[in-house]
Amino acid sequence: MKFSIYLIISLFSSFSHAIWLDTNNETTIREDCNIIAKGLLDYYEGTKYGGVIGMFSWPYYWWEAGGAWGSLIDYTFYFDNDTLVPLITDALLYQTGDDDNYIPLNQSTTEGNDDQAFWGIAVMAAAERNFTNPKDPTKAWLTLAQAVFNTMQARWDTETCNGGLRWQIFQWNSGYDYKNSVSNGALFHLAARLARYTGNDSYVVWAERVWDWMYGVGLLTEQNWWFVYDGVKIANNCSNITKYQWSYNQGLMLAGCAYLYNYTEEEKWYNYTIKLLESAQVFFKNISGSMVMYEAACQPSNSCNNDQRSFKAYFSRFLGLTSVLVPQTEPVITKWLVDSANGAAGSCSGGSDGVTCGLSWTDWSQGWDGKWGLGEQMSALEVMQNLMVHKRPAPYTADTGGSSIGNPAAGYGKLTSDATPLSIDGGDKAGAGIITAIIGASLVGSCVWLIL
């Protein structure tokens, strides 16, 4: 389906050269998110001559495109706005790859586990938000999310460090000798969401396996503050930890625990949620009593790269989800989001249009900081639209109105089977029925403030 970006832009409401936010007024939140979403789509190349459907302009990589579509799925949900549905659907389906598992040929030489995971998280959100279902049931949102999970868990590497996912999928890519929190945290996160949606406890088993490995190797540290470190080199049995902390890693683990507590009601997942939330304070700067989000490992040194400039987007999204799934967290998270949204609104005053969003939200009285990009737009959109998270239903499940059809064996295509199968039980259902199958396959296979 071809869908004109110019038509999309024309459907956005008109705006003046400023963003004014009243966090208690749904109309201003909607209008501001409308403006910011339009700015986000200015970076989209998929409807332009020579562009690739689903991809944003250089220098934004494939994984960040998956993150951006996840943001726009929530945008359509929070504001009950179906304007972007055809555009988002085309993007999500075009990039699935021949085996419908988000390993497309155009990314086969560079794709990492974390890259694939962010597309999986996007389609998982589509299932949970009852986003318009694809006409082809074999490409249902839940099925695609299961395909990503299945192909990721098949790469679980017990030959080094007693488990864990490598950062990279393919041996020729730099980072194949690194096991990082974003890849493993995303597997944990997807497992938690699939467990809650399908009711299949085999996903809980996988979530626990990933959690225990990350804890055992030292990527998760249990102290007064619960740190989530960036990753480990496989040399010396993964004993050399890279002690950077990134907000999106904290968010992946936090929301994953929240999903598991909401589903299992096990006290340990509640306790982990609270501890991770307490330690998330490191990603907020106290500005005269306002707690404003920032990327602590790179913003103070003005060294955030294009990827890192989008991390606050996913962190905001995962905070919003946590506040819904574990209501006890709502007061703290709401204050953080409100304070940060005010800061973000102050930063969205740059560019030739007067509404381009910047990176820094902590100096909003100074306005735009001169930085711009897909990550800046996405982050501002997410922190503002998550002010609406309690105005709309919680993420749906197969038992509470979710209509996406699942396939527990999705994603393997023609691959041979020799991996430990995922147990399928009667609870693994989606939409109209239960699909049972045996899964089996294998694939080839970043301080409290900065660094401790």
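In case you wondered, yes, glycine gets a Cβ from its N, Cα and C as well.
Taken from Swiss-Prot, the feature signal peptide applies to 1-18, supported by sequence analysis.
Spatially close to ASN25 (N-linked glycosylation site) yet at least six residues away along the chain is no residue at all, judged by Cβ distances under 8 angstroms. If you look up Swiss-Prot, you'll see ASN25 (among others) marked as N-linked glycosylation site, on the strength of sequence analysis.
Other Cβ atoms within 10 Å of the Cβ of ASN81 (N-linked glycosylation site), summed over all protein chains shown, number 16. According to Swiss-Prot, the feature N-linked glycosylation site maps to ASN81 (among others), an assignment based on sequence analysis.
What Swiss-Prot records for ASN106 (among others) is N-linked glycosylation site. Classification of ASN106 (N-linked glycosylation site) by DSSP places it within a helix.
The annotation N-linked glycosylation site is assigned in Swiss-Prot to ASN130 (among others). Other C-beta atoms found within 10 angstroms of the C-beta of ASN130 (N-linked glycosylation site) number 16, with every protein chain shown included.
Taken from Swiss-Prot, the feature N-linked glycosylation site covers ASN200 (among others). Its Cβ taken as reference, ASN200 (N-linked glycosylation site) is surrounded by 24 other Cβ atoms within 10 Å in the chains shown.
Marked as N-linked glycosylation site by Swiss-Prot on the basis of sequence analysis: ASN237 (among others). Long-range Cβ proximity for ASN237 (N-linked glycosylation site), meaning a same-chain Cβ under 8 A and a gap of 6 or more residues, is found for THR160, CYS161.
If you look up Swiss-Prot, you'll see ASN240 (among others) marked as N-linked glycosylation site. Within the same chain, the residues at least 6 positions away from ASN240 (N-linked glycosylation site) whose Cβ sits under 8 Å from its Cβ are VAL232, LYS233, listed in sequence order.
Marked as N-linked glycosylation site by Swiss-Prot: ASN262 (among others). In sequence order, ARG196, LEU325, VAL326 constitute the residues six or more apart from ASN262 (N-linked glycosylation site) in its chain with CB-CB distances below 8 Å.
Per Swiss-Prot, N-linked glycosylation site is recorded for ASN271 (among others). In the three-state DSSP scheme, ASN271 (N-linked glycosylation site) falls into the helix class.
The number of other CB atoms found within 10 A of the CB of ASN286 (N-linked glycosylation site), across every protein chain shown, is 11. According to Swiss-Prot, the N-linked glycosylation site annotation covers ASN286 (among others), on the basis of sequence analysis.
Taken from Swiss-Prot, the feature GPI-anchor amidated glycine covers GLY431.
Distances between the Cα of ASN130 (N-linked glycosylation site) and those of the glycosylation sites ASN81, ASN106, ASN286 are shortest for ASN81. The number of other CB atoms found within 10 A of the CB of ASN106 (N-linked glycosylation site), across every protein chain shown, is 14. Of all the glycosylation sites in the record (ASN106, ASN271, ASN286), the one with the smallest CA separation from ASN200 (N-linked glycosylation site) is ASN271.
Counted within 10 Å of its Cβ, the other Cβ atoms near ASN271 (N-linked glycosylation site) come to 12, all protein chains included.
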